[in-house]
Protein chains: 2
Amino acid sequence: MLSGAMLITTAVAVYYNEKSFWSYLISALITVSVGYFLVYKGRHEFSLIKRHLFLLTACCWLAICLFSTLPFVLVLPDLTYVDAVFETVSAITTTGATVLTGLDTMPRGLLFWRAILQWIGGVGIIVMAIAILPALKIGGMKLFKTENSDISEKILPRSSSLSMYIGVVYLILSVSCMLLYFLGGMSGFDAITHGMATVSTGGFANYDASFGHFNDRPHLLWISSVFMLLSALPLVLLVGTLRGHKWILFRDPQVRAFLAIVLFCALLLTWYQHEHNARPWMDALTHSVFNVVSVITTCGFASENYSAWGGLAVILFFYITFSGACSGSTSGGLKIFRTQLAGLLLIKQFKLLVHPNAVWVQKYGTKPVNDQLLGSVLAFCFVYFASIAALALGLSMFDLDFVTALTGAATAISNVGPGLGPVIGPDGNFSSLPDGAKWLISFGMILGRLEILTILLLFTPMYWRY
Amino acid sequence: MLSGAMLITTAVAVYYNEKSFWSYLISALITVSVGYFLVYKGRHEFSLIKRHLFLLTACCWLAICLFSTLPFVLVLPDLTYVDAVFETVSAITTTGATVLTGLDTMPRGLLFWRAILQWIGGVGIIVMAIAILPALKIGGMKLFKTENSDISEKILPRSSSLSMYIGVVYLILSVSCMLLYFLGGMSGFDAITHGMATVSTGGFANYDASFGHFNDRPHLLWISSVFMLLSALPLVLLVGTLRGHKWILFRDPQVRAFLAIVLFCALLLTWYQHEHNARPWMDALTHSVFNVVSVITTCGFASENYSAWGGLAVILFFYITFSGACSGSTSGGLKIFRTQLAGLLLIKQFKLLVHPNAVWVQKYGTKPVNDQLLGSVLAFCFVYFASIAALALGLSMFDLDFVTALTGAATAISNVGPGLGPVIGPDGNFSSLPDGAKWLISFGMILGRLEILTILLLFTPMYWRY
Ligand SMILES: [K+]
Ligand SMILES: [K+]
């Protein structure tokens with residue numbers, strides 16, 4: 001486990017050094033020294049028990065967030081500390097909600113720093129999702145414990161080399177995305193930074209208009225949609241595909257449901273925009289697909305202010321803010337498989353209502369689903385929505401209006417990025433919120449990124465008792 | 001079971017005849033004859049199996065709704081049919097959302113008809129909640145199956161006379177509420193109709209300003225709050241209290257949580273209104289308590305437009321719209337015990353995360369809770385929120401704005417009454433909605449009243465298969 005933390009810290013340090021500004025260098029030196037200290041200390045802690053992983057994971061993320069604020073503080077002296085923290089947390093958690101305005105004229109080093117943070121955050125999440133969370137059995141993650149599954153042995157490499165394969169796939173995705181962006185007409189700098197923001201489903205753009213800056217070249221929107229979709233698929237299955245098992249992706253129930261939902265929402269909105277806003281079919285299709293994909297993969301690019309598309313669009317975007325994409329990817333949110341398992345429970349209850357004494361085995365894909373697993377998934381859903389509700393209540397304390405508080409909480413915990421409504425909607429910005437609200441949202445982003453329970457557990461007396 | 005339906009139909013018929021208008025008489029004749037036919041037919045169906053109860057329950061409610069629209073159609077010829085259905089369904093399900101304006105000058109017969117419909121709806125719900133739903137084991141209702149519980153034998157009369165006792169309690173509540181209203185300064189007519197609307201948690205008032213009409217006499221607001229609270233407690237426990245077991249109410253975990261939530265919300269809002277809106281303490285307290293109690297008991301009276309109290313208030317009222325009060329009362333919504341059981345599951349999951357191999361028995365109050373029960377509760381929660389989400393999506397098709405669609409769906413399925421925002425908020429009205437939206441909301445009210453699964457089950461192929 002510590003090797004994961006090491007890897008991240010090292011990667012961060014390497015990238016720090018790539019910058020030519022002295023401020024990045026100072027940050028890098030501080031980070032490297034602390035990172036070295038951490039690793040050194042880690043050597044003595046090989047006897048880690050599972051329980052400590054929760055604390056360690058949380059601490060690592062917190063530490064990385066804190067150190068990564070340094071460049072923001074050093075480069076933009078006018079930025080308040082809360083804004084720097086907000087922006088960093090937003091990047092690291094791949095949320096992509098920004099408090100900065102005037103991005104178009106921002107120093108390029110800082111824009112690059114934002115992009116690289118997202119990209120590293122993306123790596124961190126995948127490592128966590130594959131290595132740590134299944135071991136912790138959070139919210140049904142056990143289902144993805146790679147050692148347990150029957151198919152994985154045939155299709156996937158051993159666990160030890162799996163993370164390497166996944167790293168390679170992540171890299172291939174990133175590079176090909178950047179390349180296609182570049183060929184599609186972006187400048188080299190834009191191609192690299194937006195490529196990182198796309199593949200990590202971070203969603204920071206270099207422009208105040210977000211991806212809308214490229215609206216005159218619709219093929220860029222389509223390239224982006226494809227790569228957002230790819231990044232939101234389980235990377236483990238992409239590895240399997242690359243190793244020659246072509247249909248493994250489409251045999252996965254989660255992927256099938258995900259693609260079906262995307263298709264349904266995009267087509268519904270296309271129709272709605274054509275009927276309701278009288279847009280030409282092709283134009284409506286491009287922007288519907290792009291923004292639906294962007295929100296559901298929790299990437300959070302926006303090509304337009306979809307808040308203004310009309311009632312149906314707003315509700316639909318609100319829902320897909322929660323849904324999230326596939327587990328084992330960089331996307332946030334509830335994740336599709338949890339909804340599916342909740343649906344399974346419902347079917348079971350219906351069956352029990354009609355045939356009270358029947359007994360049967362429930363399956364998800366090819367894996368049997370027991371009550372324990374269902375319980376853990378539903379507990380997760382419960383705590384997920386409860387967290388959003390609590391966060392929205394907290395935000396409303398700062399006199400935010402109903403829509404801002406509710407969608408702000410949802411977008412933070414799902415790591416999507418933009419909310420809805422005039423304040424924090426796709427054409428809005430988080431900069432006008434009061435400081436307290438920014439702290440709350442930052443906390444919410446970390447909460448959501450670490451699958452909530454990791455953090456909440458640390459606040460229970462039970463955890464500290466023995 | 002049929003005796004229940006008989007009872008309702010007979011009661012309806014009796015009350016129909018109390019009206020002096022010919023239109024009520026015609027309605028009564030039609031209803032009586034059909035009711036007679038139903039009862040006659042029912043004699044031959046004693047071999048009812050449980051599965052048919054779902055269909056029967058749904059049909060009964062639907063039939064009652066349809067027949068009860070007659071007076072609206074006959075008395076107000078200008079009313080469209082959808083409005084009449086909406087108003088009737090709203091009354092029968094004790095939702096209390098109205099499409100009528102100019103209530104202050106409405107014929108008194110019609111106002112009385114609205115009140116009596118709510119009152120009968122209230123009786124019907126209690127009968128259903130006690131007699132039918134536990135037998136159907138919907139959404140954890142098994143917990144309240146009176147025959148199973150240990151305490152009930154000592155404290156409560158046999159099941160056969162239990163419904164009589166409950167009827168008596170309901171009657172006592174109604175009469176004392178009316179009496180106190182009358183002594184508090186209402187006219188006799190207002191006291192009777194508002195008494196029925198209070199005890200049934202229906203929430204139809206005789207004035208466009210809802211209960212705000214009586215704002216100059218704050219003691220009326222307090223009387224109303226007390227009776228709304230009483231009506232939202234489990235009537236079975238009230239029976240126990242009357243039979244001399246004084247503390248049975250406060251030993252019930254559901255009641256304790258309910259009262260705690262009410263207290264917390266009311267005090268929070270009082271503080272908020274004092275700080276934020278600079279209202280005097282007493283005034284803030286009165287209106288906070290009244291409106292919180294009104295929404296959480298799903299009564300839906302409003303003394304003011306609490307939509308305009310500020311951010312915190314709006315979010316808070318949105319949440320308590322969902323929560324509902326105690327099971328076994330006339331209130332709608334999710335019901336407190338379901339949230340508690342979901343919380344139990346969460347605690348269990350936390351424990352499992354820390355001590356993966358521990359085994360222990362979970363209890364709710366004095367009753368053990370097994371996984372099956374938890375599963376059924378959570379499936380209910382899932383389908384409850386999914387229904388609201390689907391209904392809101394449907395409503396947004398009619399170009400309702402975000403807040404109207406979302407709170408409209410929530411208020412319908414929870415049977416509260418008013419929504420939030422300028423259109424359907426406490427000072428608004430459902431009359432301006434398009435017809436399609438009214439049909440959807442009417443359907444939502446019935447869905448919510450019959451605990452959703454009863455209805456949804458009828459739409460599954462599984463139900464009809466054998
Ligand atoms: K994002
Ligand atoms: K009501």
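Note: Cβ is positioned from N, Cα and C throughout, glycine not excepted.
Predicted, not measured: the structure shown is a model, and the values here were computed from it.
If you check TrEMBL, you get these features:
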BINDING   A:T94, A:T95, A:G202, A:T298, A:N415, A:V416  K(+) binding site
TRANSMEM  A:20-40  transmembrane segment
TRANSMEM  A:52-76  transmembrane segment
TRANSMEM  A:116-136  transmembrane segment
TRANSMEM  A:162-183  transmembrane segment
TRANSMEM  A:220-242  transmembrane segment
TRANSMEM  A:254-272  transmembrane segment
TRANSMEM  A:308-328  transmembrane segment
TRANSMEM  A:373-398  transmembrane segment
TRANSMEM  A:439-464  transmembrane segment
List of residues, in chain order, with Cβ under 8 A from that of A:N415 (K(+) binding site) and at least 6 apart: A:T93, A:T94, A:T95, A:G96, A:T201, A:T298, A:S331, A:G332, A:G333, A:M445, A:G448, A:R449
Which same-chain residues, if any, lie at least 6 apart from A:V416 (K(+) binding site) yet have Cβ under 8 Å of it: A:T95, A:G96, A:G203, A:V295, A:T298, A:C299, A:G300, A:T321, A:G332, A:G333, A:A410
Neighbourhood of A:G202 (K(+) binding site) by C-beta distance under 8 A, where only residues 6 or more apart in the same chain count: A:A91, A:T94, A:T95, A:G96, A:A115, A:L117, A:Q118, A:W119, A:G121, A:G122, A:M196, A:C299, A:G300
Environment of A:T94, A:T95, A:G202, A:T298, A:N415, A:V416, the listed K(+) site - residues of the same chain whose CB lies within 8 A of the CB centroid: A:S90, A:T93, A:G96, A:T201, A:G203, A:C299, A:G300, A:S331, A:G332, A:S414, A:G417, A:M445
Neighbour count (Cβ, 10 Å) for A:T95 (K(+) binding site): 34
